[in-house]
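Undergrad: Dropping a structure here in structure tokens format, bear with me for questions.
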Amino acid sequence: MTKLSVNINKVATLRNARGGNVPNVVKVALDCESFGADGITVHPRPDERHIRRSDVYDLRPLLRTEFNIEGYPSPEFIDLVLKVKPHQVTLVPDDPSQITSNSGWDTKVNFDFLTEVLDEFNGAGIRTSVFVAPDAEMIEYAAKAGADRVELYTEPYATAYPKDPAAAVAPFVEAAKAARRLGIGLNAGHDLSLLNLNYFYKNIPWLDEVSIGHALISDALYLGLERTIQEYKNCLR
């Protein structure tokens, strides 16, 4: 079964726009779990423009499903993850100033750095995932570096899907097959939505997890959070 992890960064963005604690990030996360989410994802950035370090500490003891923390492995991020000990850490190559993730790691160029970071997290018993493009070589070096999983960067799929779904998904199917041959787990995320998720899943049914935030929270404005989560879960069947 492919798990749905809900990224709640956009909820924190809304809270921070006004100040105060509305919406309550922790309550929304717990409600997502109650409505069927299999996990919660957060991406704390150094400027805390959405998720704050305090949110991460508040969430950890209360969540009943898997907790995934994603981010660039700066010393501060590594320290946070080792203290919180989530179920999974996802390493992304973001510059702190980026609005959102827009590329995967070059795992060959960054092999030594990633190996060192992954070794630290693996030693703490935290499942590790590395954000990569759908490229067999990048997946191979992620596996060699010690990653338990890779997360495929799916924005190119989402962009190409409306014009030619088969062509859009083809490189991801090949990448997924490469991951399976290497014995490494497979996650996916970025711009997956109700429009394109089911087709992606049908072509790669051995996906372990998808992480979805922006589209899901946007859909919830119209459909409500509970119905939206169920709609996304239905796309993974």
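Placed from the backbone N, Cα and C atoms, the Cβ positions cover glycine too.
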Undergrad: Looking at Swiss-Prot, R18, D191, G213, H214 are annotated for 3-amino-2-oxopropyl phosphate. Which of N7, N203, N234 sits in that same site?
TA: N7
Undergrad: E70, E151, D191: which of these recorded positions has the sparsest Cβ neighbourhood within 10 Å?
TA: D191
Undergrad: Quick one: among the binding-site residues R45, H50, which has the most Cβ atoms sitting within 10 Å of its own Cβ?
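TA: Selected residue: H50.
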